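Asker: Let me begin by handing over the structure; questions about it come next.
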Amino acid sequence: MMSHTETSLGAENTRTHNFITQIIDEDLASGKHKSVHTRFPPEPNGYLHIGHAKSICLNFGLAKEYQGLCNLRFDDTNPVKEDVEYVDSIKADVEWLGFKWEGEPRYASDYFDALYGYAAELIKKGLAYVDELSPDEMREYRGTLTEPGKNSPYRDRTIEENLALFEKMKNGEFAEGKASLRAKIDMASPFMVMRDPVIYRIKFASHHQTGDKWCIYPMYDFTHCISDAIERITHSICTLEFQDNRRLYDWVLENISIERPLPHQYEFSRLNLEGTLTSKRKLLKLVNDEIVDGWNDPRMPTISGLRRRGYTPASLREFCRRIGVTKQDNVVEYSALEACIREDLNENAPRAMAVIDPVRVVIENFESEAVLTAPNHPNRPELGERQLPFTKELYIDRADFREEANKQYKRLVLGKEVRLRNAYVIKAERVEKDANGEITTIFCTYDPETLGKNPADGRKVKGVIHWVSAVNNHPAEFRLYDRLFTVPNPGAEDDIESVLNPNSLVIKQGFVEQSLANAEAEKGYQFEREGYFCADSKDSRPEHLVFNLTVSLKEGF
């Protein structure tokens, strides 16, 4: 049964059509595969970002659509950059997005023994050799896009010698950088990836899964295809930058003794989102330099950052559905992402009132205290109502009052009337100012006959503003987030700090209505006339409420 969110956001459960589903349809129809088995294979060297959300939705979505399976596999072949913290965060992100992997999470490191055996098989077939060129020498020998490479002087070692040297590498008898295992393919290939790529290198580093068992680690290109084959993946889907690597993917599998049919790799365009950065290296620098508040800072493009900001799983899934799957690289406008969360929250978020830049209002002819009611959602009666204490002293937003204004200003003006949302019509009679000329109090009168109805004498009151009781409220901190960068493509900048938006976070102190005392972390609210907000999952608590701006009420604000 679909949730209300899924219904409102569109066709999450409808059939998708793209070049990958076309391939799968043909494979199933021809009998090449009887079922579909995909995988999502992140390297645990950072937190997942919005680009990974596209890959997650694609791989898990295909498995769901074709009633198949999808594995979560950690491509953990570089112990220097990886950490169990990233493993845990990736699992949490995938589950939060609404997906469940087949069985237990897999690790490429589960296959280290098998991978070592396949590497030895390539040596025995004369298809791999131990090279002792230094990394600099190897670069020099590799050639360029316009010049062929040169064979290493170690390329023609005997099979016996290579097996013995590979064993020595495994036993820690070479220092780091002094030896590597390379596939023997073609140093004159027009494809750089096929010029005798390194398939094993030495790293004396403890691994988060295997400890100190290994001091040699397989390279991604060697590991990935074999892991797919071991797990019987039918369709190995990755982004376009791995297109040339497919040649190596196929070469490795075709030259080892592994169960057929072999998996095949398909590439789609990665997500390029306007104004965001997805380089893990550059994101890590932002974290390490404390430019942001960790990987889950609400300005970060990470899934955990978007979650903390107030994005919902349904909104991210819908965004990925709308941008689709193609082979063409393009840049998606950030407003397309914002539209998805805005639609979701407009449909599902309860309403509340918050005054972010408060100024005091005193209603001089109101002496008692009333408890009014207001719907939690104008179109969703099943979400119920809330109580609004109405008192002699209130707060309104400073921007909602002027001493003088033209007719276009439909808020409170000295000597004129405005309606308070879900309450009465009030009239501004006079103001009190401090020594600097700043308004400290607006003195008003109210019309007691205007609760839920227009003035009896037929006079028109056009404006409506929000308010909070100055007595029954909760102080709150409001974090008004904006884009982290001032340019559309921050990834192209050498110095990303030079394009940081100095106003990406503005903090205000104000008040929220009483009903938000126990606001649930990450739950979205529409603060009427202000925007969509959620309680911060890290810092908000009942005695110190903190609300993050998720998105404005309308595009362009």
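Cβ coordinates are placed from backbone N, Cα and C, and glycine is handled just like the others.
As annotated in Swiss-Prot:
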BINDING   Glu43, Pro44, Asn45, His49, Ile50, Gly51, His52, Ala53, Lys54, Ser55, Thr239, Arg270, Leu271  ATP binding site
BINDING   Asp75, Tyr220  L-glutamine binding site
MOTIF     42-52  motif ''HIGH' region'
MOTIF     277-281  motif ''KMSKS' region'
Asker: Find the longest CA to CA distance in the recorded ATP-binding set Glu43, Pro44, Asn45, His49, Ile50, Gly51, His52, Ala53, Lys54, Ser55, Thr239, Arg270, Leu271; express it in Å as a whole number.
Answerer: 19
Asker: When the Cα of Tyr220 (L-glutamine binding site) is compared with the Cα of each of the binding-site residues Glu43, Asn45, Lys54, Thr239, which one is closest?
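Answerer: Checking each of Glu43, Asn45, Lys54, Thr239 against Tyr220 (L-glutamine binding site), the shortest Cα distance is to Glu43.
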Asker: Hey, what's the Cβ neighbour count for Glu43 (ATP binding site) at 10 Å?
Answerer: 17
Asker: Want to know which binding-site residues, from Ile50, His52, Thr239, Leu271, are within 10 Å of Asp75 (L-glutamine binding site) at Cα; which are they?
Answerer: none
Asker: Quick one: mean pLDDT on the motif ''KMSKS' region' (277-281)?
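Answerer: A mean pLDDT of 93 is what the model gives the motif ''KMSKS' region' (277-281).
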Asker: Look up Ile50 (ATP binding site) in the DSSP assignment and reduce it to helix, strand or coil.
Answerer: helix
Asker: Just counting, how many other CB atoms are there within 10 A of the CB of Tyr220 (L-glutamine binding site)?
Answerer: 16
Asker: What kind of secondary structure is Tyr220 (L-glutamine binding site) part of, going by DSSP in three states?
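Answerer: In three-state terms, Tyr220 (L-glutamine binding site) counts as helix.
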Asker: Please report the DSSP secondary structure of Asn45 (ATP binding site), reduced to three states.
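Answerer: In three-state terms, Asn45 (ATP binding site) counts as coil.
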Asker: If one looks at the chain holding Thr239 (ATP binding site), which residues at least 6 apart in sequence have a CB under 8 angstroms from its CB?
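Answerer: Non-local contacts for Thr239 (ATP binding site): Ser55, Glu267, Phe268, Ser269, Arg270.
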Asker: Using DSSP, would you call Thr239 (ATP binding site) helix, strand or coil?
Answerer: strand
